[in-house]
Amino acid sequence: MAEYSRPNTLGRALSHPTLIETNDVSPPNVQLHPRRRRKLSSCSSVENLDRVSSPSPANESRVLVINTGGTIGMTLRDTGYAPKANALVESLRKLPILHDELYARQTYLYEYYKLENTLVLPPSKLNKRIIYTILEYSPLLDSSNMTTDDWGRIGKDIEKNYENFDGFVILHGTDTMAYTASALSFMCEHLGKPIVLTGSQVPIYELRNDGRDNLLGALLIAGQFVIPEVCLYFYNKLYRGNRVTKVDAGSFNAFTSPNLPPLATAEVDFKINWDTVWRANTTAKFQVRTELNRNVGLLRLFPGITSSTVRAFLQPPMQGVVLETYGSGNAPDNRPDLLEELSKATNSGVIIVNCTQCLRGTVSASYATGRVLMEAGLLAGGDMTPEAALSKLSYVLAKKELTLDAQKKMMAQNLRGEMSADLEGAKLCLSDSRFIQVIAKSLSVSCKEELEAIRDALTPSLACAAAKIGDTEALVALKEMGSDLRLGDFDGRTPLHVAACEGHLRLVQYLLNQGASVHAKDRYGDTPLCNAVRFRHKDVVRLLRKTGAHFSREQLEEAGSELCSLAASGDKEGLDIWRIAGADLTRPGYDGKTAIEVAQAAGNKDVVEVLNSYMNSKTMPVFDELNEYDEYNNDDDEEEENGAAIEFTAKPALL
Ligand SMILES: NC(=O)C[C@H](N)C(=O)O
């Protein structure tokens, strides 16, 4: 007699665990979960996986294992290792760590699924039962024999059975597993469930092997964690499938993911690196694109490669090539013959992607030898593996509905986490208004003091960034979360300073309406008015003046020299800005000469005339706000503003 206590979900109808003979699992002693019982009577097909819907009990999950071949299921023959058909299920059935026969029989697993190739794992640490069904391909293949058609077949089988399983495990030879994993990652669009490729270096039938561990780990991951990616599990690590490459022919530790850390590691527990897990960020339904373009290839540069080799390789029908270059994407820049062949090909519509031969790192344009390739029309492949770049090309080029330009654009995009964003783009860009708004929103979700402190610390930088790009909406968002838009950054520069520099008139208006001070000084003593004068934004100068901005006594004194220098260079516009800003154009410079004297000496008659008329009208108020304001309304030589329509309600002038 063996004691067997059934899991709660299965034994829901029983009040006590039942003692059952190990070999006696006859129906009267076992209660089926009601849903499973119902299913038993409705399911009739043994062959058709589609007709079996997902399992009932909550602690069970279903995984479809597609066995394509590979060493994991090979035996040694006279000709060497070769796959053995119809042997895997039987052999797994005898391995207690990979199949719990007692549970299967007690719960009528075989009758319910009507699939003899359905097995069940013993309960996991998380108390999950993973029921897995093996779909074996015929013939089983050494992965060296696989083609894009086989990728399509795998994709279609996943698609067909997608709703019936919680996850998928693909048993595959290791030699081309990185290619298949990459290809499937692109083919599986809007993936929401885990697809885990695995295999082994030593057949599962041998005494010492890595197949059992790899299969067990892959099943546990696919059945327990919603990692919506095409992954590769090997030697206790789960990798993103399109990031791996096989690096060792003789070790259990056969794969590496040089540019991305593992998604998970199997230690005492599984540690999932959720931050790295790819999120499709889509509401579209899962589908598999099986169309792949086979006119693609990998070309590895080597010293002395001839242009005729390159020419031959790039001949039609070739449509996409991954050029494996040196270091950070370099090629000889003293080989015009070679570069010409590459240019000719890109001009005729071949997409050539520049990937590095190095295991780790990315292509960049830091060397002249790298730039020549960009000039020849190559696309930068970033840190993509050649396997990923090749299968991406194959996938993208099969999208016939796209123009060549759109295909190139797609190649440069990070579609499935196969490449890191280029470093420029990856920088947190404060001048990205979406970033500012996202931060503003996320900070406003809580009203805790700490969060408010963070908000206050970030506000000046964020507000200045928004002011820089004239993003009124972002400023409104910041304002709504309670930020004080008058605050200055580390250098005492307020959003008003920044907006004045950039000439964003409407934003200046908005900030003034929000109480921004025209008198705020940055660490250099500059006010927004100084900035607007410096960058010659007349309208902003007028508006600031209207709001009461003025130069300090020292600034006015120092202005003399600046005015003389403008007069010397005949810069009427510069002088006019100073006039509008309220400077006294008769103020002498450091050597006692006035601007008009300098202009006369330099023979700048126009300037003399303008300054004379200024002197004549000097008895009038320095600045006629109303006239100037009218002028401002009609002036269109400033940059067109596209901010939100904000009524002009600037404060009355203080002069
Ligand atoms: N370890 C392996 O699976 C290698 C085998 N030749 C294959 O790729 O199918």
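Glycine too: its Cβ is placed from the backbone N, Cα and C atoms.
The region 'Disordered' feature in TrEMBL is assigned to 1-58. Among the features that TrEMBL reports, domain 'L-asparaginase N-terminal' is placed at 62-275. The substrate binding site feature in TrEMBL is assigned to Ser143, Thr174, Asp175. Among the features that TrEMBL reports, domain 'Asparaginase/glutaminase C-terminal' is placed at 295-411.
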Where the record names Ser143, Thr174, Asp175 as binding substrate, the maximum Cα to Cα distance in Å: 7
Least buried by Cβ count (within 10 Å) of the binding-site residues Ser143, Thr174: Ser143
Counts by DSSP class (helix H/G/I, strand E/B, coil) across the domain 'Asparaginase/glutaminase C-terminal' (295-411): 48 helix, 21 strand, 48 coil
Number of Cβ atoms other than its own within 10 Å, given for Asp175 (substrate binding site): 18
DSSP three-state assignment (helix, strand or coil) for Ser143 (substrate binding site): helix
Neighbours of Ser143, Thr174, Asp175 excl. site residues, C-beta within 8 Å of centre, substrate: Gly70, Thr71, Asp142, Ser144, His172, Gly173, Thr176, Met177, Gly199, Lys246
